[in-house]
Amino acid sequence: MKNMVTDTHPTRENWLQELGNVITDPLALLSFLKLEKNIKLRQGAHARALFPLRVPIAFAEKMTPGDPKDPLLLQVLTLSDEFVHTSGFSADPLYEQAAVLPGLLHKYRNRVLMLIKGGCAVHCRYCFRRHFPYQDNKGSQVNREQVFNYIRKHTELDEVIFSGGDPLMAKDPELASLVTVLESIPHIKRLRIHTRLPIVIPSRITTRLCESFSNSSLQILMVTHINHPNEMDQTVYNSMYRLKQAGVTLLNQTVLLKDVNNNAEILAQLSNRLFNAGILPYYLHLLDKVQGAAHFMVEEHEARQIMKALLGQVSGYLVPRLTREVAGEPSKIPIDLQLLSYSAP
């Protein structure tokens with residue numbers, strides 16, 4: 001059994017209250033940040049018709065008032081750029097809309113991805129699932145039973161990934177029930193949870209959730225989605241500490257985003273803060289080419305240069321792997337940094 005969690009932690013009511021305290025109007029967000037007079041930013045408000053704006057107050061409070069280039073704001077604010085149709089970008093860049101079952105994706109041999117919830121606490125404008133038909137992939141009781149039967153039959157599987165949306169939008173009893181079912185399937189050894197919620201609303205990491213993880217026979221991994229060091233404050237550190245106490249392995253994946261984190265200094269700061277919180281930098285992803293997000297694109301040659309500079313600034317274990325996802329490939333594709341140049345004899 002993993003370490004028991006005994007100290008006082010946030011309750012269910014804390015995070016649900018914060019989840020409901022949200023900004024959904026782009027102009028209201030600009031007003032909150034004292035940017036209501038910025039004409040260019042105001043003109044982007046109509047992009048909410050393409051993908052709704054959703055920003056919890058708890059996350060907006062981490063942004064710098066009066067700064068139109070705040071790196072957290074740029075990740076969530078609607079912009080007119082989203083209306084630009086870019087060649088090579090699509091609504092389904094990873095061909096995920098052909099699920100094997102409603103709510104289940106089986107892209108890789110040894111692992112499946114369960115779509116636990118369609119909603120997120122925050123809507124990131126670069127999200128590769130911004131066009132995903134969640135209404136066709138709802139986790140109803142019937143669908144869930146079909147999903148679990150599929151997992152039982154496919155003995156090559158050893159890992160289940162909870163995704164969404166954000167899987168931690170599910171309440172603690174629902175998550176505990178899902179974990180219990182997976183524990184009963186002998187060939188499933190690991191549960192991986194991809195989430196941004198503990199960063200946006202750190203109080204989501206409740207006592208009950210930690211106890212569920214601590215008592216599980218599965219190896220529990222949580223992959224946080226953190227893109228900039230400013231996203232991490234003491235409340236995030238506290239939530240990560242609670243997860244570590246519960247025996248959860250913490251990894252992070254970052255999306256390389258133009259004007260947000262596309263320089264080595266920012267990524268070095270991020271890696272150090274992650275490690276201080278007990279999180280290992282795992283992946284640095286090139287942007288998935290989803291329509292409406294082309295203005296975030298960092299080209300591969302620039303990404304290589306950033307990574308080469310990062311190697312000189314932090315220890316090797318703090319350097320994430322630069323990767324991209326390619327539809328139909330059996331795994332993420334590592335990107336060669338081209339560090340060696342030589343001629344064969």
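Glycine is treated like the rest: Cβ placed from N, Cα and C.
Curation plays no part in TrEMBL annotations; they are all automatic predictions.
The domain 'Radical SAM core' feature in TrEMBL is assigned to 106-321. The annotation [4Fe-4S] cluster binding site is assigned in TrEMBL to Cys120, Cys124, Cys127. The N6-(pyridoxal phosphate)lysine feature in TrEMBL is assigned to Lys332.
Where TrEMBL records a feature, it is marked here on the structure.
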residue: Cys120; record: [4Fe-4S] cluster binding site; DSSP (3 states): coil
residue: Cys127; record: [4Fe-4S] cluster binding site; DSSP (3 states): coil
residue: Lys332; record: N6-(pyridoxal phosphate)lysine; DSSP (3 states): coil
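Listed binding-site residues: Cys120, Cys124; maximum Cβ neighbour count within 10 Å falls on Cys124. Distance between Cα atoms for the residue listed as 'N6-(pyridoxal phosphate)lysine' and Cys127 ([4Fe-4S] cluster binding site): 17 Å, as a whole number. Cβ neighbour count for the residue listed as 'N6-(pyridoxal phosphate)lysine' (all protein chains, 10 Å cutoff from its Cβ): 15.
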